[in-house]
Protein chains: 2
Amino acid sequence: MAADGAYAGLGEFDLIERFFAPLATAPGSLALTDDAAVLKPSAGHEFVLTKDMLAADVHFFANDPADLVARKALRVNLSDLAAKGARPLGYLLGLGLGGEMAGSGAAQWLTGFAAGLAADQAEFAFPLLGGDTIRSGERMVLSITALGEVPEGRAVRRNGATAGDLVYVSGTIGDSALGLALRLEPELARKLGLSEPHTEFLLSRYLLPQPRVALASAVLSRSSASLDISDGLCADAGHVARHSGVDLVLEADTLPLSDAARAALAAQPDLITRVLTGGDDYELFVCVPPAQGQAFEADAATAGVPVTCIGRVKSSAADKPTVRLTRGGMPFTLAGQGGFRHF
Amino acid sequence: MAADGAYAGLGEFDLIERFFAPLATAPGSLALTDDAAVLKPSAGHEFVLTKDMLAADVHFFANDPADLVARKALRVNLSDLAAKGARPLGYLLGLGLGGEMAGSGAAQWLTGFAAGLAADQAEFAFPLLGGDTIRSGERMVLSITALGEVPEGRAVRRNGATAGDLVYVSGTIGDSALGLALRLEPELARKLGLSEPHTEFLLSRYLLPQPRVALASAVLSRSSASLDISDGLCADAGHVARHSGVDLVLEADTLPLSDAARAALAAQPDLITRVLTGGDDYELFVCVPPAQGQAFEADAATAGVPVTCIGRVKSSAADKPTVRLTRGGMPFTLAGQGGFRHF
């Protein structure tokens, strides 16, 4: 691991030894004493690598609690690994500290940040392997490279969906997008008449996603295609449709919604657009051959992850993969979209 | 690979398909159609992973040519891999596009950036495996995660130096630090009476490091400890001393210097401090057991990489690993350091 410069009197070695070395619990991290991590997959397995960057006030709020910033950064990557059916192995951390970190609050912020990493490392068996810390100027930028492993040749792709497959999602959809809306417009909760518990629930779903690591094994065994919902249900369904060369028909009335989201939609029905397109769900979108549907549901139940069938895969007419929304079986147009969404 | 937002009319798919997909030549990249890369090391090998972040106007100048920004980002990581004795396999790219990239120059900049990546991918057999593109606010931030491989258990660490080992460096030291000084103080070249070719040489050494990939095999076979010189010769020697628990004695008069650096030092001798501590050399610092010295030099010659013995490893007195500089065998104190450098 490397670090450059000093932060509020914290030199490079303080930074690494005080905050990060305690997190480097895997042998492959070389205890952060080198500029590299060294490791190999288990016999018969291969690595799945994924990388996400997050910038302050773009992907999280600069004034979010430091421990939650850390945990969200790990979780969005854990979600990517789970969608590929991969078991998490560890991560490399790129930490660009913004200008405000030059102040005396740096040590306190880093203490919280490291505590957040430690909490989720423990929860998901996902140790720090290495990384780099720099000064990034005006704002903080995080970059996580996550490593997982799958049996060779078994990583679940976006491109395997076949006509007839069932489409499942985990958890509930739209909470995070509604949470972000509440965060951006403090008056919105009152306008919608949301209770305090519902408001808190939606805000927390934005702040701290729940990566479906427990579902990875069912995804690996039972699915034909999978991804995590980060761009929004419609956009991510579009990724599967395009890469698999299929149509997807999703029935809006079957969409799993939290009580809080239902309350918001009852007050303002056009929020359905936000639910379907808002993103940051970090739930899994999984296509399952019909013969595997029951087994997938049973595996998910064993894993303790709720899953809901929300549609079907159809063959694509005229080589133009499309996501079609229905409501009670009838075509359903999102407000402001002027038609079905094509991707 | 993922990308969010749009840049000057370039949507996510334009960005990936137009600029990055052509670079994803390895099967493990899944042609960037997924959020993950999938790969495993060759039989009997393990991965070496290293990560470096670079921020505009911290690690490079925002107005540097886009192709050179790309190449420097790859090269600083290739240098880390070479120091571990690893063969390069590929990289994940995190690209945070700054606010200026929202303008109409984005496509032109990205064209140059992708051309730089393409050039160095070809030169070093180092394909794009995946990544993420985001908006990073005020300034550009790059994050590269580089993958290489070594035979299992053979990665060369910082902590293996033993009393008696010879200390080698590749290439010439200090050029990049002098190049940066010339860049920051446009009058300096005239003050030092540097010729135009010398000035250009030093500037280019800062702008485009030469990673010693060709030396990796000699490092793997012959060395006891190794790292690349990025923090400055003295600081990086200190890393080896501390992690190996040894003293290093470096003889300043044996330091390999370019003609341009010699000309600068002749005009202003105290620039030696900048040469020894300036950093960004991306040359290799390699400790070699004496019995392997001749073979290391022969391997380096075969690889076409100049190497110079600049000192010896000594046992450390009183558990206080130290780097000692000598000049003509006598202790040598850097101006402004008030003594030997201790680490």
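Just so you know, glycine gets a Cβ as well, placed from its N, Cα and C.
Per TrEMBL, Mg(2+) 3 is bound by A:D35, A:D80; the candidate from A:D120, A:D165, A:D175, A:D228 named for the same site is A:D228. Straight-line distance linking the Cα atoms of A:D132 (Mg(2+) 1 binding site) and A:D228 (Mg(2+) 3 binding site), rounded to a whole number, equals 27 Å.
Here the domain 'PurM-like N-terminal' (A:34-150) has, by DSSP, the following mix of helix, strand and coil residues: 41 helix, 48 strand, 28 coil. Under DSSP, A:D228 (Mg(2+) 3 binding site) is assigned to a strand (E or B) in the three-state scheme. There are 27 other Cβ atoms within 10 Å of the Cβ belonging to A:D228 (Mg(2+) 3 binding site).
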